[in-house]
Amino acid sequence: MNNSSIAAALEQVRQAKPLVHNITNVVVTNFTANGLLALGASPVMAYAEQEVADMARIAGALVLNIGTLNETEIRAMKLAGQSANEHGVPVIFDPVGAGATAYRTATARGIMNEVKVAVLRGNAAEVAQVIGQDWQIKGVDAGEGGGSAADLAIAAARQLGTVVAVTGKDDIVSDGKATYVCRNGNAILTRVTGTGCLLTSVIGAFASVVNNPAEAAVAALVTYGVAAELAAAEAAAQGPGSFQIALLNKLAQVSGADIEKLGRVERL
Amino acid sequence: MNNSSIAAALEQVRQAKPLVHNITNVVVTNFTANGLLALGASPVMAYAEQEVADMARIAGALVLNIGTLNETEIRAMKLAGQSANEHGVPVIFDPVGAGATAYRTATARGIMNEVKVAVLRGNAAEVAQVIGQDWQIKGVDAGEGGGSAADLAIAAARQLGTVVAVTGKDDIVSDGKATYVCRNGNAILTRVTGTGCLLTSVIGAFASVVNNPAEAAVAALVTYGVAAELAAAEAAAQGPGSFQIALLNKLAQVSGADIEKLGRVERL
Amino acid sequence: MNNSSIAAALEQVRQAKPLVHNITNVVVTNFTANGLLALGASPVMAYAEQEVADMARIAGALVLNIGTLNETEIRAMKLAGQSANEHGVPVIFDPVGAGATAYRTATARGIMNEVKVAVLRGNAAEVAQVIGQDWQIKGVDAGEGGGSAADLAIAAARQLGTVVAVTGKDDIVSDGKATYVCRNGNAILTRVTGTGCLLTSVIGAFASVVNNPAEAAVAALVTYGVAAELAAAEAAAQGPGSFQIALLNKLAQVSGADIEKLGRVERL
């Protein structure tokens, strides 16, 4: 995956306008929907057990996010996930807050057990919790340097048999064999809620048009990171409120040429 | 309904500051509340079966929206709707995603059967699904030209015995006898989530002060469309994030003079 | 509490980055999380009965808000509140809409009975309902002058045995003995949804680092009011959409020097 193929994938998203079915938390629904719309995808949120299987089946990707989980929603996630699995729809999973409470950790592992996930996206602490490792994390971010985050991503990918994206200062994507580091983004992303959740949904948009899930994740991370850099250049000095709006603007405007110029991805 | 009477209705909304009770989806709650506040109405969201009848009774209008429906919320919608019916409070209904899943279609029809709805607002595909027609739609919009959307609105209004607003590139309002086409708005509305849902709630605000529901819908569509045009002129070039903020600004600022100058409504 | 000690408390919040656990309404979750992040705190929303006790225990403060209450959420609030009480975590309560329906009034009183609340924050009508007074309120605000709001705050603080913040044009904080009036803020706050709810969560952030709950409330009110004044000076003329974004920006930027210069608090 290089900048040219990422730019091509972005163009595919905009041509296909994939339906991305999100079962996500109440904090980020609006921002996620607006981010996907800005990028050129077509978001839908549908949570009822009576309809999630039907909606997941017709979607280009299914995104599961446990940020404000409850029993009803977990059942819906599993029903939707299994429907997606049956119909070849890629499932992207964001284990928000795994490790913060036992309930979240158990739920995250339960979803990984019952649904075939194409891409798991979390910060280092969350990913470590999903695979039951007492990984040494500084705060909730990946710590200094990309080394340990890469080791974690590779270990998780091998243990889980899926693509793992460990995001932080640098972002790592691994399928257990190929491993990429993506260096785009900006620190102000951490001052706006839901920027990680939206990123997970953006991975969904790319996974609906790029068959290889690791490449889809890399394309999403670089596109999102470049958009964030453009937004930060324009609005970070004004503050996180303005940055949030600028990020939506730049997701709509980020071009293949921007990615060719600014994308920073390498295979480890 | 002409521009002068629409301007007068807007002034009535701002004087009355009507309480608009919304039972709506989790994606758009914040945007809906802010849009209604900006316009000059007073939004409330209340969903519990224990209180919806009480809240609907004291409201100026009740808005039902099935964007993220579930069984509990459907029961609450029916309780609220029946309370509104008993107390003469107009009910506005937005059948979000009718047709996308069987559950949504059945729910939309169930609400139409059990609640007397003053105005049904949806895109052409949604309205066609509510009346059980296999209407030929290009995508989810009204298709080219106003002809077929007008036919649909008239047919739906007659079949359902209510006012129907079919929105798209042009917006049609019909009570089965009088039919209006409203030509305000801007395409960037489709790049921001919840602009249709907020529009439905704005119809609620107008229906609380304008007795004729078709005229209330026309006044809401034109006011909202003019505000969107003013917002687009200022912010569309910056992107959908900035447009969303500008739309809230313009809902607060749009004046009778703006409507006199820019409103584009005609009776068919 | 004077401007210097408020400035020092703000610095403590930014150093400590306290985890603020919110069980709040669906309208304001995103805005609340972004406001807390902007200020420098660390928000978490967690609602499931299976995890709220665990989350409240590790938080710096717990914020309960009944804006879109339901039976499940009320149970979760009580579980979280009791866990917070057991572990010395201050609980801040926002009785949104108490008085609007019997269900809200009863719920607000039930929470006050079953959870030891450190600070109750509401407008005059809400606070009066919580203590069962048929207080004469002009609209939902505190009425003209600070006199009656101060009497209400003092009466409520004594009856409930907690700190009470009655917010309106002026904001009153009383623990039944010491009573403060805070005169910062701007009327455009009433045109943006959730500005009161976010304020309640900001009180939580301060209560996690300031031991005296009345002083924490005063520090929060003044900081928030000064940020709102800075935001209004920059963006109120553009409209409520722009003000909302500017408020997030200013919560990130408001400094001790701003508070020294602009803070307006006096002890009655």
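In case you wondered, yes, glycine gets a Cβ from its N, Cα and C as well.
Taken verbatim from TrEMBL:
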| type | residues | note |
| --- | --- | --- |
| BINDING | A:Met45, A:Gly194 | substrate binding site |
| BINDING | A:Arg121, A:Thr167 | ATP binding site |
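Shown on the structure are the features that TrEMBL records.
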{"residue": "A:Met45", "record": "substrate binding site", "CB count, 10 Å": "23"}
{"residue": "A:Arg121", "record": "ATP binding site", "CB count, 10 Å": "31"}
{"residue": "A:Thr167", "record": "ATP binding site", "CB count, 10 Å": "29"}
{"residue": "A:Gly194", "record": "substrate binding site", "CB count, 10 Å": "26"}
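A distance of 19 Å separates the Cα atom of A:Met45 (substrate binding site) from that of A:Arg121 (ATP binding site). When the C-beta distance to chain C is held to under 8 angstroms, the binding-site residues A:Met45, A:Arg121, A:Thr167, A:Gly194 reduce to A:Gly194, listed in sequence order. Listed binding-site residues A:Met45, A:Arg121, A:Thr167, A:Gly194 compared with chain B at a CB cut-off under 8 A give A:Met45 as the close ones. For the recorded site, A:Thr167 (ATP binding site), the DSSP three-state label reads coil.
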